[in-house]
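Q: Look at TrEMBL and you will find T48, A49, G50, G51, T52, G53, K54, T55 tagged as ATP binding site.
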Amino acid sequence: MHKSPSSLLFFPALVYRGIIALRNLLFDTSIFRSSASPIPVVSIGNITAGGTGKTPMTDLIVNYYLKKGILPAVISRGYKRSTKGVQLVSDGKRVLLNSREAGDETVMLAWKNRAAVVVVAEQRRQGVEFIVKHFQEKTPDVIILDDAFQHRQIQRDLNIVLINASVPFWNDRMLPKGRLREPTKNIGRADLAVITKLRPNETGETLAAPLRKKGIPVIKSRIKTGKLVAIAPVDKTSSAPCDRSRTGFFAVAGIANPDSFLQSLIECGITVSMHTFFDDHEEFPLQELRNIIKKARSHNLAIVTTEKDYYRILGNTEQLALLTQIPSCYLTIEPDIFEGREILESMLDNVLKNRKTIG
């Protein structure tokens, strides 16, 4: 008699749940201790595996602080990076590592927020120590921990959890049987919940109501398609509009959900005549990229890729040179907070105000 894949995952999920429960208990009872940071800390994370929109939300928060003249430092794990330990991605003046060395999302954050300090570190505590030690002359005003809800070694002044509206989680199972990184009751550690990726016709109240009952403030957001930006040969930070004179576009991307990319292009009024998709975080093979450009030329198409893929391409001079031989562009996206923006901004401001009061 063959067991179903679901039943085979029951025991690993049970073991994982036990490990997580023990670890949280050790932190809750102060047997494991969380270190205090001399710099205020904002943590952004989730309770489920998979995309909840952490990077766009981190970008929004970093940008919010920068516009107010507040210097943020970002600490990220650097998913799928080739390096180990603590690495400085950006010193607030120059981006020092490429996507291969620091991870796609981290490098994108560094390029988009050039004045911010960006660090990668598996152990977020070591990242904080690095920033405190190496930026004594101009110490960042606030540290933003990317994907850190489960990383309890560092105390935080604001703990934000993101919830993907398209992936119901209240009745989900623990990894690897389900998508939960820890039991749903632990969402009570959050100071603020952000319901992300809501569709235009969705209110998110089914998810929001139980959170409010737990005393957690809730804000709601959708993904908003931004603009098409030309991939430039010289000015890497160019924001020139894309050449849309071609008859259509050839979409190329290495992301987890290419269908959402295609949908965003349609919403922008883009005609996608051809497309090629690679695995998430996969670097475009050079020969395949040459073939794509050849096909695009023969059909009078422009190339369009994602913002994340574009910032990966910046670290590859051969790919960048190829893409600037033909009209090429990337599509930006950003979170659209349609309910509770004032709550988020007030809590972000209070992170600094409360520290000054305590100090």
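Each residue, glycine too, has its Cβ placed from N, Cα and C.
Could you give the neighbours, burial and distances for every feature on this list?
A: Its Cβ placed at the centre, G50 (ATP binding site) has 12 other Cβ atoms within 10 Å.
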Q: Can you tell which of T48, T52, T55 has the least company, meaning the fewest other C-beta atoms within 10 angstroms of its C-beta, among these binding-site residues?
A: T48
Q: So for G51 (ATP binding site), how many other CB atoms are inside 10 Å of its CB?
A: 20
